[in-house]
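Q: Submitted below is the structure of interest, expressed as structure tokens.
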Amino acid sequence: MATQPPPARPPPPLTSSPYPYAAAPDIIRAHQKDAYFQGVLANRLSDLHRRLRGARSAHAWAAETRTFAAALYLCLTTLLGNRTLGEEYCDLVQVEEAPSKLFASSSSKAADDHIYENGLGGGGDGGPLLPSLPRRAGYILTAIVLPHLASRALPSVRSAIRKRLQSRLATLSRRRQQTGTKSGSGRGGRGGGGGITEYRVLRYLLTHLTPLTSGAHFRAATLAVFYFTGAYYELSKWVWGLRYVFTTRAGRVVDDDHNRHHHSPQHGGGNGGRAGYEVLGVLLVVQMAVRAWLHVREQLSSGSVAGGGGEEEEDGEDGFRERTAFGPGTNVDVSLDEHAFTSNNELLGGGGGGGGSSSQRSLGEIGAMAHTPVLKAGRARYDLGTSDKVMGWIKGAQQRKCTLCLEELKDPAATQCGHVFCWACIGDWVREKPECPLCRREAMVQHILPLRAA
């Protein structure tokens, strides 16, 4: 009788992966490279838009152009299952951080369907799971599309919240006046303690509505967590459980023994024996704590929560902060690449990438420091459309119009090359692209000079 071959035993469970998790420096380097190529693609699309539709249309749709460029870049790479140029540059592959049971269960068909050639290297020894198509599409949606939609809807949401706060404050103010009249005192009487507290809280929310709804503090906290853990560089990657691994096997990296035993995905490591950014995380946390403490101390010492003048200041802050609240931060741009123009978007606002809008000075503070009266939002100090006598030394109807908005100049400002535009128009332009719209000469935000009449 022929002896039957013994039944094939199932492969042993995969207890460790030969592909270590990527270190924080490599993740940041890959992000910088991707940000650079996204900027190049956005510039090409913007130039094409300018040639087809003109400079005014290109300027008006600059934010949409950047969003479309970023989405197109990720759709041509991540959505199709390919690596981005930054990932290829740093030898990284994006994988799912699947539960350990998926690695241990070799009979699971769901796991087998996602394993790429029995492992990332095709060597038959298993490996982490590549992200599925729905997960890749969800990542692009939450990383690019949703932030852009939120930035477009944010001004309307702020306006609605501001109207409700102002209405409630007016009601409380009238109630306090009525109570004070009945009690013979103008301070609101003893029974208005709860109303006074509510009034102060609502006044604080109204005065600081823009920084409270900017999301900059949340982005800074996300970045601080990444500095400590080195896992998720973006919040959207944490939502979809996407991490990076090195395509180079653990035995080929610099500290091979250390990587093999301590830095596999199953052991939760992955820094490859390289130093992380924990020190930066500590500094960022200290910075946020100090700013929070200074803000609380300022509110307690000045009593600005219950003070007046909040409405005028808030009206002026809208025009100043509305552009910087989500504009640059929408992309959660922590890239240090000098070619990523969106990383310089907050220069005029004075806020850093991790600090957020809380570090920006309000228009009231700037006016007090510069001894200059603050105008309400939408108003211009010098509007050449009101009269020909305003800056009459600018001759000619065409010379008195802005090339970007095609309207009469408002608060004219000149670049280093001598071209004159509206202050708001050229400020928005150089935040998106630091060059003159006419001659393409470099024009940084700190070099824009406002013109003043004699």
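Yeah, the Cβs are placed from backbone N, Cα and C, and that goes for glycine too.
Since this is a predicted model, take the numbers as computed values, not measurements.
Positions annotated as Zn(2+) 1 binding site by Swiss-Prot: Cys402, Cys405, Cys422, Cys425. Look at Swiss-Prot and you will find Cys417, His419, Cys436, Cys439 tagged as Zn(2+) 2 binding site. What Swiss-Prot records for 183-194 is compositional bias 'Gly residues'. Summarising the annotation, Swiss-Prot assigns region 'Disordered' to 171-194, 302-329. According to Swiss-Prot, the topological domain 'Peroxisomal matrix' annotation covers 1-23, 77-132, 230-276. Look at Swiss-Prot and you will find 166-201, 297-454 tagged as topological domain 'Cytoplasmic', backed by a curator's inference. Here Swiss-Prot flags 24-53, 55-76, 133-165, 202-229, 277-296 as transmembrane segment, drawing on experimental evidence.
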Q: Sort Cys402 (Zn(2+) 1 binding site) into helix, strand or coil using the DSSP assignment.
A: coil
Q: Give the three-state DSSP assignment (helix, strand or coil) for Cys422 (Zn(2+) 1 binding site).
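A: SS state of Cys422 (Zn(2+) 1 binding site) = strand.
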Q: Give me the long-range Cβ neighbours of Cys422 (Zn(2+) 1 binding site): same chain, 6+ apart, Cβ under 8 Å, in sequence order.
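A: Listed in sequence order, they are Cys402, Leu404, Cys405, Glu407, Leu409, Lys410, Asp411, Pro412, Ala413.
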Q: Rounded to a whole number, how many Å is the Cα of Cys439 (Zn(2+) 2 binding site) away from the Cα of Cys425 (Zn(2+) 1 binding site)?
A: 16
Q: Under a criterion of Cβ-Cβ distance under 8 Å and sequence separation of at least 6, what residues of the same chain contact His419 (Zn(2+) 2 binding site)?
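A: Listed in sequence order, they are Thr403, Cys436, Pro437, Leu438, Cys439.
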Q: Compute the centroid of the Cβ atoms of Cys402, Cys405, Cys422, Cys425, then list the same-chain residues not in that set whose Cβ lies within 8 Å of it, in sequence order, for the Zn(2+) 1 site.
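A: Apart from Cys402, Cys405, Cys422, Cys425, the close residues are Thr403, Leu404, Leu406, Glu407, Leu409, Lys410, Phe421, Ala424, Ile426.
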Q: Who sits close to Cys425 (Zn(2+) 1 binding site): which same-chain residues at least 6 apart have their Cβ under 8 Å from its Cβ?
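A: Same-chain residues close to Cys425 (Zn(2+) 1 binding site) (Cβ under 8 Å, separated by 6 or more) are His59, Cys402, Leu404, Cys405.
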Q: Fewest neighbouring Cβ atoms within 10 Å: which of the binding-site residues Cys402, Cys405, Cys436, Cys439?
A: Cys439
